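Annotation comment: Swiss-Prot describes Asp41, Gly42, Glu43, Arg100, Gln101 as ATP binding site, evidence class sequence analysis. Feature annotation from Swiss-Prot assigns Mg(2+) 1 binding site to His134. According to Swiss-Prot, the Mg(2+) 2 binding site annotation covers Asp176, on the basis of sequence analysis. Summarising the annotation, Swiss-Prot assigns active site to Lys199. Positions annotated as D-ribose 5-phosphate binding site by Swiss-Prot, on the basis of sequence analysis: Arg201, Asp225, Asp229, Thr230, Ala231, Gly232, Thr233.
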Amino acid sequence: MENHSKNIKIFTGNSHPELAREIAKALNIPLGKAEVGTFSDGEISVNIKETVRGCDVFIVQSTCSPVNNNLMELLIMIDAFKRASAGRINAVIPYYGYARQDRKAKSRDPITAKLVADLLTAAGADRVLTMDLHAAQIQGYFNIPVDHLLGSPILAKYFVEKGLADRDDVVVVSPDLGSVTRARKFADKLNAPIAIIDKRRPKANVSEIMNIIGDVKDKVCILIDDMIDTAGTITNAANALKDLGAKNVYACCTHGVLSGPAFERINNSAIEELVMLNTIALPEGEGLNKFKSLSVAPIMADAINRIYDDEPLSGLFQD
């Protein structure tokens, strides 16, 4: 890519500095110099170590766990760049936290996804670049441009290269009714049929498998979802598929939130491999043999380059 180092700057908070470094490398520019830490009382401290006057600034920060710290880091960084006279301030949020609170599910619930959008705008963001929002309509919560990239083409490419396209024994499985559209588009890229798991969720983070619609016996099954949190849904689905005679079970998602018992559940499940995008950093350590992480840095860098050059991003939105 053309070197825009005089006018474009990539900065990062503490949520995912490795991804920010990958994006900067793909753009052939150095990562911007900033110190983001905390004062002794826990307040967040931001110190920009280079001039950004008139520059296009891109702040890479997923609002994953610890969600509130990462969100406040992002807001304070946006404010710092605004007061440092940055030309345009772009919030690059690979994983947008609070996206599941996008509506009033019951009386007196907040709509926190809208609140976060308002906070980002009030802080001074001029644009948001994100990937696979849990609810696509969150784009409408903003009064600034939102570029919404899709992760499924990256995941589909991985399975095509793995030799799982154009085969009679492969089926793409939606883990719930809400993911059917995603599963269908994903299946089209593999030229595979789909199956659907009808589940009932008695309470938050608890799922129960009810029925599987479609033929999975002696099939290689690929489960796809936008995110995996406590992994109850995906592991229950995988075990149910195996019980019904599935030959192999793979799973994939854009966002590996992986909170609570997720790692234990996945390692003890019928899932042979879980493929995720690195919108959230995968923790280091043992017990990760089933986990595969694919980088979103190339598509993020391409999007950033197009934003800087005022070129259309429509070619990146194709699912």
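Just so it is clear, glycine is given a Cβ too, placed from its N, Cα and C backbone atoms.
The model shown is predicted, which means the values in this text are computed figures rather than measured ones.
Among the listed binding-site residues, namely Gly42, Gly232, the Cβ with the most fellow Cβ atoms inside 10 Å is that of Gly232. Remark: Ala231 (D-ribose 5-phosphate binding site) has Leu258, Pro261, Ala262, Phe263, Arg265, Ile266, Ser269 as non-local neighbours, by Cβ distance under 8 Å and separation of at least 6 in sequence. Reduced to three states, the DSSP call for Gly232 (D-ribose 5-phosphate binding site) is helix. Cβ neighbour count within 10 Å across all protein chains ranks Thr233 highest among the binding-site residues Gln101, Thr230, Thr233. Cβ neighbour count for His134 (Mg(2+) 1 binding site): 19 (other Cβ atoms within 10 Å of its Cβ, all protein chains included). Each of the binding-site residues Glu43, Asp225, Asp229 was scored by the number of other CB atoms within 10 A of its CB, and the lowest score belongs to Glu43. Recorded residues Gly232 (D-ribose 5-phosphate binding site) and Gln101 (ATP binding site) have their alpha carbons 19 Å apart, per Cα-Cα distance. Here the Cα atom of Thr230 (D-ribose 5-phosphate binding site) is found 28 Å from that of Gly42 (ATP binding site). With the fewest other C-beta atoms within 10 Å around its C-beta, Arg100 stands out among the recorded positions Arg100, Lys199.
The closest partner of Lys199 (active site) among the binding-site residues, by CA position, is Asp176; the full candidate set was Gly42, Arg100, His134, Asp176. Site extent for ATP: the farthest pair of Cα atoms among Asp41, Gly42, Glu43, Arg100, Gln101 sits 31 Å apart.
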